[in-house]
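To start, the structure under review is shown below, and the notes come after it.
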Amino acid sequence: MLRIIFLLSLLFALSNDSVQDFCVANLKRAETPAGYPCIRPIHVKASDFVFSLGTPGNTTNIISAAVTPGFVAQFPALNGLGISTARLDLAPKGVIPMHTHPGASEVLFVLDGSITAGFISSANSVYVQTLKPGQVMVFPQGLLHFQINAGKTPAAALVTFSSASPGLQILDFALFANTLSTELVSATTFLPPATVKTLKGVLGGTG
């Protein structure tokens, strides 16, 4: 009998997605591996399903670029849907540094300007393309990729992800904005210690 109850409970859990139209996240509760708990449907409003990416981000920073996320933490209606979005703004010479999204593939749609984008495969093959407004490029899950403003005017793009929480790790920050000792970073990157110290100083790392 206990085995039957367990199997029925498991079946209900696995089929939960098919019996709920949506699950707007209750951000006051803790996130679980399955996402956030749902707000009760009677408390959900039409405005919960709307999010704005119409305002350009502030590009006055070290990378001359801005990312405005529309992940589940900002757009709770995405909870459980397996998708998310963001806006990229790049000033002239702006760059989204080499980075990965461990939890999602990415599709980039150029709105304005010219963006050179690319990724590196697990076989170290490089795929680079300069994109114009209206063009789209895909970046497979977990692969290193980047975007650079290739023009002399501001550029903007929308990106979508195959997860509500795609994750983000920027390579430069992972290497140099941490507390790992200069000696270890130097030994594992083959960079001179002086270069490592300089990069740590620029990006806020120590050690």
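We count from 1, first residue shown onward.
Every residue gets a Cβ built from N, Cα and C, even glycine.
In Swiss-Prot, the entry for N-linked glycosylation site among Asn16, Asn58 corresponds to Asn58. Per Swiss-Prot, the Mn(2+) site holds His99, His101, Glu106; the candidate it also names there, chosen from His43, His145, is His145. Comparing Cβ neighbour counts within 10 Å across the disulfide-bonded residues Cys23, Cys38, the minimum falls on Cys38.
With His145 (Mn(2+) binding site) as the anchor, the candidate recorded positions are Cys23, Cys38, Asn58, and the one with the nearest CA is Asn58. Sequence-ordered, the extra residues of this chain that approach the Mn(2+) site, with Cβ no more than 8 Å from the Cβ center of His99, His101, Glu106, His145, are Thr100, Phe119, Phe139, Leu143, Leu144, Pro166, Leu168. Other Cβ atoms within 10 Å of the Cβ of His101 (Mn(2+) binding site), summed over all protein chains shown, number 23.
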